[in-house]
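**Student:** Dropping the structure in here first, questions after.
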Amino acid sequence: MRKMLATVLSQVFSGMVQKPALRGLLSSLKFSNDATCDIKKCDLYLLEQGPPTSTVLTREEALKYYRNMQVIRRMELKADQLYKQKFIRGFCHLCDGQEACNVGLEAGINPTDHIITSYRAHGLCYTRGLSVKSILAELTGRKGGCAKGKGGSMHMYAKNFYGGNGIVGAQVPLGAGVALACKYLKNGQICLALYGDGAANQGQVFEAYNMSALWKLPCVFICENNRYGMGTAIERSAASTDYHKKGFVIPGLRVNGMDILSVREATKFAADHCRSGKGPIVMELQTYRYHGHSMSDPGISYRTREEVQNVRSKSDPIMLLRERMISNNLSSVEELKEIDADVKKEVEEAAQFATTDPEPPLEDLANYLYHQNPPFEVRGAHKWLKFKSVS
């Protein structure tokens, strides 16, 4: 009788597990709801106190972060494949290896806050809300792209995301301008202005520092230090590699950019600093890119394969999060494999769309050049007025 009862219960639970909703319920029962995780202390500059050295990670957050990081990783690898198949032309800068920066920054701010970055922008496009389909379609120059196929890799845009910028460092003063607008409007919003270690020596970056400090703008200057500006190591291009100290009178912090929780907590700290009216702050994210500078760079002429593999094996951001989730009973190997399979399917479907969606027609070439403002009050007062009908 007891054996028969056990068999019946086993069959009942087996049937329940076949149903996704019940399977998710049963899975959640065996996992912890949250875990307290230690994170590396940040190096501080002109700050008496920094971000916390421990934080709570919920199961829901962990699963979300893991999935988003996997999407970015697979999306970039698919972009590499499409480029080699000549579906993508021109410039293409990939961010695989830097997923913790992309996802961690978004986790530390509000959706209404603003982000502006350089040309390595695909990951931030995704975390700002764009779909994989629209990003890959933009890379292949299709109508369904986020910029209607006209921007390509370096010029993608989303709500409160002012895209990739092709000129090295040019986005930094623009970010200060966005922060000035936030202060002027008194809306409590901030701007994250991202740039790489290669752009950190640009004069316009220091000009933006100065004006932001002078006017106490709510701007977080973020240097993504991936150790190489194109093919030049940071030690060969900068007299000082303490990028978090380059703001002179602006406080700064150096963050482990391979750990999503370190990035998240540092971003929250920096955002609170700006929102409280203390002015700008500089964040240096120590990270690494697995690909070369761009698709035309194999990435092994100025660094060894062993160096890249060493970072992959010891500091990979997805691996670190996966290990943290499993060791804290926030997930299981089997559950994460299911997420991986789901992500792979999503990216494959997006790639199919990006290679079959039609290209924008020639008659769209002159569209979206001018904003259709109301007519000028004085007829004929502006010599360029007749060209506004081109769009």
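Every residue, even glycine, has its Cβ placed from backbone N, Cα and C.
According to Swiss-Prot, the transit peptide annotation covers 1-30, on the basis of similarity to another entry. Taken from Swiss-Prot, the feature pyruvate binding site covers H93, Y119, R120, A158, G166, V168, D197, G198, A199, N226, Y228. If you look up Swiss-Prot, you'll see Y119, R120, G166, V168, D197, G198, A199, N226, H293 marked as thiamine diphosphate binding site. Sequence annotations record features per position, and here Swiss-Prot assigns phosphoserine to S294, S296, S301.
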**Student:** What is the total of other Cβ atoms whose distance to the Cβ of G166 (pyruvate binding site) is within 10 Å?
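**Tutor:** Excluding its own Cβ, G166 (pyruvate binding site) sees 14 Cβ atoms within 10 Å.
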**Student:** Rounded to a whole number, what is the top Cα to Cα distance in Å among the residues the record ties to pyruvate, namely H93, Y119, R120, A158, G166, V168, D197, G198, A199, N226, Y228?
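**Tutor:** The span, Cα to Cα at its widest, is 28 Å.
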**Student:** Would you measure the largest Cα separation among Y119, R120, G166, V168, D197, G198, A199, N226, H293 for the thiamine diphosphate site and round it to whole Å?
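**Tutor:** The two farthest binding residues have Cα atoms 18 Å apart.
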**Student:** Between R120 (pyruvate binding site) and S296 (phosphoserine), what is the CA-CA distance rounded to a whole number of Å?
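**Tutor:** Rounded to a whole number, the Cα-Cα distance is 14 Å.
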**Student:** Under 8 Å Cβ to Cβ from Y228 (pyruvate binding site), same chain, six or more residues apart: give me those in sequence order, or none if nothing qualifies.
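**Tutor:** In sequence order, D197, G198, I234, R289, H293, Y302, R303 meet the Cβ cut-off.
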**Student:** Let me make sure I understand the structure: which of the binding-site residues listed (D197, H293) has the fewest other Cβ atoms within 10 A of its Cβ?
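**Tutor:** Result for the binding-site residues D197, H293: minimum number of other Cβ atoms within 10 Å at H293.
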**Student:** Relative to the Cα of S296 (phosphoserine), which of the binding-site residues H93, Y119, G166, A199 has the closest Cα?
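**Tutor:** Out of the listed candidates, the nearest Cα belongs to H93.
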**Student:** What is the Cβ neighbour count of S296 (phosphoserine) at a 10 Å cut-off, with all protein chains included?
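**Tutor:** The answer is 9.
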**Student:** When you tally the Cβ atoms that lie within 10 Å of each candidate's Cβ, which of the binding-site residues (H93, R120) has the highest tally?
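**Tutor:** The residue with the most neighbouring Cβ atoms within 10 Å is R120.
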**Student:** Between C-alpha atoms, which of these recorded positions comes nearest to A199 (pyruvate binding site): Y119, S294, S301?
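**Tutor:** Comparing Cα positions, the candidate nearest A199 (pyruvate binding site) turns out to be Y119.
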**Student:** Where does D197 (pyruvate binding site) sit in DSSP terms: helix, strand, or coil?
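**Tutor:** Assignment for D197 (pyruvate binding site) reads coil.
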**Student:** Where does H293 (thiamine diphosphate binding site) sit in DSSP terms: helix, strand, or coil?
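**Tutor:** H293 (thiamine diphosphate binding site) sits in coil per DSSP, no helix or strand.
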**Student:** Tell me which of the recorded positions Y119, S294, S301 ends up closest to H93 (pyruvate binding site) in space, Cα to Cα.
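**Tutor:** Going through Y119, S294, S301 one by one, the Cα closest to that of H93 (pyruvate binding site) is S294.
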**Student:** How many Å separate the Cα atoms of G166 (pyruvate binding site) and Y119 (thiamine diphosphate binding site)?
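**Tutor:** Answer for this pair: 6 Å between alpha carbons.
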**Student:** Just jot down the residues in the same chain as S294 (phosphoserine), at least 6 apart in sequence, with C-beta under 8 A of its C-beta; none if empty.
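**Tutor:** Once residues fewer than 6 apart are set aside, S294 (phosphoserine) is near F91, C92, H93.
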